[in-house]
Amino acid sequence: MPARKDYYEILGVPRNASEDEIKAAYKKLVKEWHPDRHTGDKKKEAEQRFKEIQEAYEVLSDPQKRAMYDKFGYVGEGGYVYEPSGRGNGFGFEDISDIFRDFLNDDIFNIFFGGHRTSTSQTQRTTGGRRYAKRGEDINLEVTISEADVFTGRDVTVEYDRYELCENCKGEGVEPGSKWVTCSKCHGTGVVREERRTPFGVFINQYTCDVCGGSGTIPGETCHVCKGAGRIRRKTNAVVNIPAGVEDGAVIRIPRKGNAGTNGGDYGDLYVHVKVRKTSDYKREGDDIIVTVPVDYISAILGGIVYVTLPNGERVPVEIPAGTQPNERIVIKGKGIPNARTGRRGNLIVEVKVSIPRKVSSKERKLLEEIAKERGIEI
């Protein structure tokens, strides 16, 4: 079995390194250890280091291979995972099947071992060796507004970090005047074909090029600003137009305000999640606003006027009709929340809570007793 290698150590990155960090480290090391840059004994060392760097990058740049590597500790040639059996002399059935995986295609392997091999390089490689454009990641932010803002709407400026195109290399990842050159191993195809002669005949194994990672190109001179990533992280800001009538939990999309893409890919989007800070007892039902108002029992009997102050500061007079019953609803049209699309306001709905005093003055009691006597109510 091949000796285990620490691919993270080879690239000089931590185990939780991001895709961009791995890519930048790879491009830097490729430039430093490319065999064409060395002579004599140093060239042999460079060839070995260059091969290790390519091997490490092929695994760590592929999410599936990286996940398998993190789990099993080793990824063999072609992207196949090997796990030592740990039995006897260390050469068990798994080891034999691993050997045949390299030599046999899926159909023949299934005949002998009843299984199939998994090669992420076969399903994930870059067809034709092209560097495909990748759209930038979206960014999600949260902003908090007041209940008054719901009535009027407002513009909010948000500040955040995002990846922007490197101004030095314009997202190319190489120094101005330099460029990506065709990979000498796969000749720009992104894949390598190997023919192997075995007792069963000649078998062809095709896998992602371990030098260019399947892109078909390698960097000439890496950009010194972004270290080959093609983008750099910066603080930026955006103005978010929050319309009147916005609801708690609403999401506002701002196109192309997310992270920059790679290899010519477009910017991602910015998604702003709106949270309404609750400071009153008002309830919202669509564009209507509901509020419970205490009304004196005399006003409920005789009728009267009460005033309701909305979250935006507007003071609305509400007429209480004579004979209003407890929990009765009074609708004031056009005093609710503006519709986010049409701007038309909903209604203000007042729920009446009749307030009955626990104690009354002697004068009030005398008057109430006279009313009770007149209505035939025994006290």
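Glycine too: its Cβ is placed from the backbone N, Cα and C atoms.
As recorded in TrEMBL, the features of this protein are as follows:
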DOMAIN    6-73  domain 'J'
DOMAIN    153-235  domain 'CR-type'
REPEAT    166-173  repeat 'CXXCXGXG motif'
REPEAT    183-190  repeat 'CXXCXGXG motif'
BINDING   Cys183, Cys186, Cys209, Cys212  Zn(2+) 2 binding site
REPEAT    209-216  repeat 'CXXCXGXG motif'
REPEAT    223-230  repeat 'CXXCXGXG motif'
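For the binding-site residues Cys183, Cys186, Cys212, the largest tally of other C-beta atoms within 10 A is found at Cys212.
Counted as Cβ pairs under 8 Å, contacts with the repeat 'CXXCXGXG motif' (166-173) are highest for 223-230 among 183-190, 209-216, 223-230. In the repeat 'CXXCXGXG motif' (223-230), the DSSP tally of helix, strand and coil residues is 0 helix, 0 strand, 8 coil.
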